[in-house]
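These notes are about the structure you will find just below.
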Amino acid sequence: MIYSKIQYISSGSTAEEHYQHIRQALACGIDWIQLRLKDASPAETRTLARRILQLKENHSFTFIINDSAEVAEEVGADGVHLGLTDMPIAEAKRMLGENKIVGGTANTITDVRQRIAEGCDYIGLGPLRYTATKRQLSPILGLEGYAAIMDELKPLLPPPLFAIGGVEASDIEPLRKLGIYGVALSKHLQQHFADENHLEHLKTLLYD
């Protein structure tokens, strides 16, 4: 499967804000959406996820649920993204089936090796720098950290790796040179929803 190189990770102070931000991302041509509704009940996440899935009537996009394979299965999402302390990858794959996407978070080379061994379909590696989006932030990698990890990964043929956590447009070129496949963006994307030129610039950096 060929994955989009830009993932939008939803954020907002309410479920409605998440929904409206996701609508804006889709209107801008973003075609990979991860619903990251922290501190919500499974019922609240299911309700919002079903609203988002209705947007597929007018938009073609991959829809991933953060943290909960159960919700992803119940609503028929395209997959799930799991943190290191969430459900094991193998269990999520059994639950969702072979045609669904199961991605995972990593912060260190040990984490990445674990994710590869578990059979993750893609890995979100970060954070690059400080971000207010995540409350419990793992150690900052910086470009030097990415370089060290990517150097160790060369013989392993890992799945697609996405840089996450405070990524800016100026980071994309050096990250790609290191071998990073794509980026996961949240606040940065939201700040530029109205700037069509900036979004095209991001796509050019990632796809050219």
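Numbering starts at 1 and runs along the chain as it is shown here.
A Cβ is built for glycine as well, from the same backbone N, Cα and C atoms used for every other residue.
Marked as domain 'Thiamine phosphate synthase/TenI' by TrEMBL: 13-187. What TrEMBL lists as 4-amino-2-methyl-5-(diphosphooxymethyl)pyrimidine binding site is Gln34, Leu35, Arg36, Leu37, Lys38, Asn66, Thr105, Lys134. Residues or ranges marked as Mg(2+) binding site by TrEMBL: Asp67, Asp86.
Annotated features taken from TrEMBL, shown on the structure.
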{"residue": "Gln34", "record": "4-amino-2-methyl-5-(diphosphooxymethyl)pyrimidine binding site", "contacts (Cβ under 8 Å, 6+ apart)": "Gln7, Tyr8, Ile9, Ser10, Ile64, Ile65, Asn66, His81, Ala184"}
{"residue": "Leu35", "record": "4-amino-2-methyl-5-(diphosphooxymethyl)pyrimidine binding site", "contacts (Cβ under 8 Å, 6+ apart)": "Ser10, His18, Ile22, Thr45, Leu48, Ala49, Ile52, Phe63, Ile64, Ile65, Asn66, Ala77"}
{"residue": "Arg36", "record": "4-amino-2-methyl-5-(diphosphooxymethyl)pyrimidine binding site", "contacts (Cβ under 8 Å, 6+ apart)": "Ile9, Ser10, Ser11, Asn66, Asp67, Ser186"}
{"residue": "Leu37", "record": "4-amino-2-methyl-5-(diphosphooxymethyl)pyrimidine binding site", "contacts (Cβ under 8 Å, 6+ apart)": "Ser10, Ala15, His18, Glu44, Thr45, Leu48, Asn66"}
{"residue": "Asp86", "record": "Mg(2+) binding site", "contacts (Cβ under 8 Å, 6+ apart)": "Asp67"}
{"residue": "Thr105", "record": "4-amino-2-methyl-5-(diphosphooxymethyl)pyrimidine binding site", "contacts (Cβ under 8 Å, 6+ apart)": "His81, Leu82, Gly83, Leu84, Asp111, Ile123, Gly124, Ile164"}
Item to complete: Could you check the binding-site residues Lys38, Asn66 and say which one's CB has the fewest neighbouring CB atoms inside 10 Å?
Response: Lys38
Discussion item. For a quick check of packing: other C-beta atoms within 10 Å of the C-beta of Asp67 (Mg(2+) binding site), how many?
Written reply: 20
Worksheet item: Three-state secondary structure of Thr105 (4-amino-2-methyl-5-(diphosphooxymethyl)pyrimidine binding site) from DSSP?
Response: strand
